[in-house]
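As recorded in Swiss-Prot, the features of this protein are as follows:
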- 1-21: transmembrane segment (TRANSMEM)
- 30-50: transmembrane segment (TRANSMEM)
- 72-92: transmembrane segment (TRANSMEM)
- 119-139: transmembrane segment (TRANSMEM)
- 200-220: transmembrane segment (TRANSMEM)
- 274-294: transmembrane segment (TRANSMEM)
- 301-319: transmembrane segment (TRANSMEM)
- 331-351: transmembrane segment (TRANSMEM)
- 403-423: transmembrane segment (TRANSMEM)
- 454-474: transmembrane segment (TRANSMEM)
- 505-525: transmembrane segment (TRANSMEM)
- 619-639: transmembrane segment (TRANSMEM)
Amino acid sequence: MYLSIIILPLLGCIVSGFLGRKVGVKGAQLITCSNVVITTILSILAFIEVGFNNIPVTINLFRWIDSEWFNIIWGFQFDSLTVSMLIPVLIISSLVHIYSISYMSSDPHNQRFFSYLSLFTFMMIILVTANNYLLMFVGWEGVGVCSYLLVSFWFTRIAANQSSISAFLANRVGDCFLTIGMFAILWSLGNLDYSTVFSLAPYINSKVVLIIGICLLIGAMAKSSQVGLHVWLPMAMEGPTPVSALIHAATMVTAGVYLLMRSSPLIEYNSTVLLLCLWLGAITTVFSSLIGLFQQDIKKVIAYSTMSQLGMMVIAIGLSSYNVALFHLINHAFYKALLFLGAGSVIHAVADNQDFRKYGGLINFLPLTYSVMLIASLSLVAFPFMTGFYSKDFILESAYGQFSFSGVAVYIIATIGAIFTTLYSVKVLYLTFLSNPNGTRAYYNYKPALEGDLFLTLPLIILAIFSIFFGFITKDIFIGLGSNFFGDNSLFIHPTHEIMIDTEFAVPVLFKLLPFIFTISFSIIALTISEFLSELVIYFKLSRLGYNIFGFFNQRFLIELFYNKYITNLILDLGGQMTKILDKGSIELFGPFGLEKGLVNFSKNISSLSTSHVTTYALYILVAFILYLLYNYLSFNFLPFLIAGLTILTTI
């Protein structure tokens, strides 16, 4: 059963990719979708067997690298963390496969698309089930390649190609540091196997743990789009909407958070790494929320909300609340996939226009889509008793429950980020569905926007159910005080970092309710201003101050401008100079060009000795004879100098 979870998506990828013409579009869709659905059912059974019974399963297939001091076995382990990650990955993957049947129906490259989707699912399974860092790195690179292939799926569009290259290069920065971290683990511990590394972690130098932790954190920053290496995520929205839902909301972007959770037995032994995680997550949350408020592309707004929620997960990791981070990761996957698929339904209905300022009044045409996007937005803003409420508010409470300066400061910053998250969620819903119609007449009269078929709507309904009930049902499993779900030590919390009881019982009720109170009040204020004081808003936006503020945040804090002007150009200039001086200069001079020129000059000088005069040859013979006689009287040590002198004379 456990091997089937890994192999079935790969079989679907191979059949759809290599035999696509034989099986046809319908055959490729049927094979890939059925394989992923079967894999999802098996993963739910694995979740029950491994998670509830605390019976980790390890499968060793074959020895991959076998040397005197370094051994790697191609093996997989299924513990509580692994099966918990498989649930959102495979459920959302299967729903996205089904959704894509309708969404991509008019595309001529269906087989290639479904092959890429199945390959991505396979690589993600490799990443979360690997039992060592090297095999995990195979899955890590695999999902990066699949992201590149899927973002540039419509390869005739220049923007799609630019975005895919941007995503690939930004992730290479993180991959470079992750590789350095793996080398540091190998150098200090002699192995990359999880069980060996984690059992030896308490006994190594704290500074080594700091270096390893920072390298792993930078790797996670790139993959999970934390501030600094976040530039690729909004650009990756150029791919098809099902790709955005699968990769850039639910699965691949959570790989960095998964890496930090998996490495919890390592990073728990250095509080500096945890403090870096705490502040990095807080800055990312408020940074992305501010940018998201000033975007007009519906998919980019949702992308920035993804970045904000990933910041929340990193905050939870910085608080050593790994189970809360995992719980929020799973909850977020469901409602964020629902938001993306709902946005895809809207885009599909309005002839592929993504600027939500041109929508308006779509509630009458897309009632189901409005309902599911309302559910997903309520879950995103942590409305009471929705799925997101149980995890997001618990992270904020955990920050306050640490009762330290950093904890309270991060609580305030993350609450501000949550307020902005609410504002742009209300903005998207209001301008898309509730405001006056702003679109062209084609949306409403000639070619009215309509709900999609069963393949488009069924995944939305299933994800809406998860977005309402999943958090309530699984709260006690993941973050309950008496839960033994992680009894297999897949997540490790150092006893001095345990704050669960303080979070549950010591945080004042006011600070538990504060995010919700601010969320509701600011939403009401924003709607009131938009509805009744719209002229004031327009005057402010047209003023010099409003123009500058809007431009600064709309241009994403000008970070891309800074990168292009000062970092990218610097690297390109450095590369150009290195090419000019080293590659085309000294290497050519001492290498092929210089060697060839020297040999030609040497041969010309040698050939000039041939003068065709007998007296000259007699002189050469006489000189050689004298040198032979001198050789017997001179020390052997002078011979090299003599030969060198003759060589110089002949080349002049």
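The backbone N, Cα and C atoms fix where each Cβ goes, and this holds for glycine too.
With pairs at least 6 apart in sequence, the transmembrane segment (119-139) and the transmembrane segment (1-21) have 3 or more Cβ pairs within the 8 Å limit; the two touch.
Outside the transmembrane segment (274-294), and at least 6 residues removed from its termini, the chain residues within Cβ reach (under 8 Å) are 213-214, 217, 221, 226-227, 230, 260, 267-268, 300-301, 304-305, 307-308, 310-320, 399, 406-407, 409-410, 413-414, 416-421, 423-424, 427, 497, 550, 553-554, 556-557. Against the transmembrane segment (119-139), stretch 72-92 has more CB pairs under 8 A than any other of 30-50, 72-92, 403-423. The stretch from 30-50, 331-351, 403-423 with the most CB pairs below 8 A to the transmembrane segment (72-92) is 30-50.
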